[in-house]
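Down below is the structure, laid out as structure tokens.
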């Protein structure tokens, strides 16, 4: 059975694949210079300073964002059972939703409808919408099949009766539930509430891992694009905007990870994985900056397709697995005050992230 560490290893393999696959496609590709770059002269020396600052800034911001929700055990206000946590998650979900709709999807449309690409077929069919739609459907399929698989593994097995239960009636309702990564097993007569709790836990773990995969795909592209740029005027606004972007995105992911109750080693791996992805992309972009053509046809197609795919994943995850799950929670619906707070937080999250689109 696939466990959380196994899925994290799969995610790591995906990152390695992106790191080596993306540059191989865009190297030695013909460029298509656009007039918009004439106002931003190339200056490799000054650009490198901002890139190094971006690596440090984005690394710290990402690590801080994803770690804050994990401090819930130490800080009562950040505990997943606290009302404030609902509002923090709503804010972070709004950030992720705006990231998909405002930041990634328009970039994908811009790349796949660029005049540098041929009219046939790119100008005759909305490939961006198709890729985003299929990505969202694919995420739904992975979501449902993985959840169904784990539930069948846990709840279709006959329940085992312990020796203590056979010897005495006082132990008849006693349940020992152990969870390991994304799977668990129960000894004894598990009550419906115990089964529901384990089912929710499995669901949260799948959600957190799928969400991280969606974020990683876009983060690699962001890093490579920033690292390959030779124009300081383009990099400077991105430095601050992407730091905030990474911080807020980390809040959303960290909230999912904290509710999934992974083992410490798995949480540390996921935090590290999220934190270093964009900086690694920047380093890779710096390495290929002299031979990388951001307006080359192949680069536009590859980045556009990956952007559209990650937009579909993030939009689905934000709406279905984060917002719908929390906003339909009986605990939230039973409190008008909590409902209002969550809705305001959601609007603030989408508003803040949308505002950053002015620079990034």
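Even glycines carry a Cβ here, placed using N, Cα and C.
Per TrEMBL, the features are as follows:
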- 1-28: signal peptide (SIGNAL)
- 52-72: transmembrane segment (TRANSMEM)
- 84-105: transmembrane segment (TRANSMEM)
- 125-150: transmembrane segment (TRANSMEM)
- 206-226: transmembrane segment (TRANSMEM)
- 269-288: transmembrane segment (TRANSMEM)
- 308-328: transmembrane segment (TRANSMEM)
- 340-357: transmembrane segment (TRANSMEM)
Touch test for the transmembrane segment (84-105) and the transmembrane segment (340-357), at least 3 Cβ pairs under 8 Å: yes
Residues from the same chain, set at least six apart from the ends of the transmembrane segment (340-357), whose C-beta lies under 8 A from its own: 83, 86-88, 90-95, 97-99, 102-103, 106, 241, 244-245, 248, 323, 326-327, 332
